[in-house]
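Features as listed in TrEMBL:
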- Thr34, His66, Arg120, Ala140, Ser142, Ser180: L-threonine binding site (BINDING)
- Arg57, Asn61, Thr116, Ser150, Arg194, Tyr235: ATP binding site (BINDING)
- 12-198: domain 'YrdC-like' (DOMAIN)
Amino acid sequence: MDRETIFCKADEEAVRKAGEILRNGGLVAFPTETVYGLGANALDEKAAARIYAAKGRPSDNPLIVHITRREALGRIVTEVPEAAERLMDAFWPGPMTLIFQKSPEVPYGTTGGLDTVAVRMPSHPVARAVIEAGGGYIAAPSANTSGRPSPTKASHVAEDLMGKVDMILDGGEVEIGLESTIVDVSVAEPVILRPGYISLEMLQGVVGKVSVDQALLRDDAGIRPKAPGMKYKHYAPKADLKIVEGSEEAVAARINELIRQGREKGKRIGVIAAKESAYRYQGGIVKTVGSREEDLSIAQHLFGILREFDTLGVSEIYSEAFDTPRMGQAIMNRLMKAAGHQVIKA
Ligand code: TXA
Ligand code: MG
């Protein structure tokens, strides 16, 4: 512990204090609608550097700059393409981050040395109040130690960052549970660099042609993702996580067999299942992540369950696949990364 961390409810007085800390170059963790963020003044290179130190984050992994008003954009980007205007009209404030060409006002310490800058306008009232109080330009990566699952509750932030940041604002559980969709609009045709709540179909509905970064579609290590952060091993639980794919019956039979084999060797085995199929598993530690009928509930609880397993001391975790229509792309992107792309076909 190298500094004292204030942990408190995100009331008006706490937000005022958070603003003061941010304006003085300090670090404040706060809730957003996606995941908790770790904020610092984005236009102050020294403040941004503290974020990297607290998270243990590689310095070439750029930060997202959070704003609350469209007028704020002019100071940090050089041009706003037509497609960006339409996407902002449709999805801001909300869980979408856009990549623009940066202006000289944004330090390279914030963009990881890139000439582009990621910008997001969150909708969460606490996030908005903190950004305003802190001066209007707040760099905020997810508020976890680099490599751990993103925090969806204030207690997750405390687990990772107590003693490393100035303040943690508790605003309860987040709504979405997976980080924002990142769309590169600095190129001719918009490209999704990270899937999220705002899906490919929703983006296409607004701007027509949108593509997906090839590196997200294959687990081929040879293709370099355009969002530098997507190349790192992420969200990794301590146990060996594998995804089991196939029909509901075949998946359950295979996982039950793996549980039996594990138990014979004296191992504790974890299972991540949907509400609809959880009853099929016997002998393991079964966690119900959410309902396939309402896949936002799966997104909301996935990272929290990965964290829970870390405290339960299981040595292997088997997860169902969740290729649901609405949020399946985003959920499977995070789950595949957590599993290091290990998939068993049942
Ligand atoms: O929902 C979210 O976006 C959350 C909340 C706190 O707002 N923030 C978040 O930040 O997820 P972080 O730092 O955990 O993820 C940012 C991602 C990284 O993969 C990074 O490489 C990418 O955005 N990124 C940032 N700036 C970029 C740029 N200029 N070009 C390409 N990718 C960029
Ligand atoms: Mg992150």
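Residue 1 is the first one shown; counting continues down the chain.
Placement of Cβ uses the backbone N, Cα and C atoms for every residue, glycine included.
TrEMBL labels come from automatic prediction, so no person has curated them.
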Three-state secondary structure, Arg120 (L-threonine binding site) (per DSSP): strand
Listed binding-site residues with Cβ under 6 Å from ligand 2, out of His66, Thr116, Arg120, Ala140, Ser142, Tyr235: Ser142
Additional residues surrounding L-threonine, by Cβ distance to the Thr34, His66, Arg120, Ala140, Ser142, Ser180 centre under 8 Å: Thr32, Val35, Gly37, Ile64, Pro95, Thr97, Pro122, Pro141, Glu179
For ATP, whose listed binding residues are Arg57, Asn61, Thr116, Ser150, Arg194, Tyr235, the greatest C-alpha pairwise distance in Å: 25
Among Asn61, Thr116, Ser142, Ser150, the one of these binding-site residues whose Cβ has the fewest neighbouring Cβ atoms within 10 Å: Asn61
Of Arg57, Asn61, Tyr235, binding-site residues neighbouring ligand 1, Cβ under 6 A: Asn61
Of Arg57, His66, Arg120 (the binding-site residues), the residue whose Cβ has the fewest other Cβ atoms within 10 Å: Arg57
For Ser142 (L-threonine binding site), the three-state class that DSSP assigns: strand
Set of same-chain residues at least 6 away whose C-beta sits under 8 angstroms from Thr34 (L-threonine binding site): Pro95, Pro122, Val174, Ile176, Gly177, Leu178, Glu179, Ser180, Gly196, Tyr197
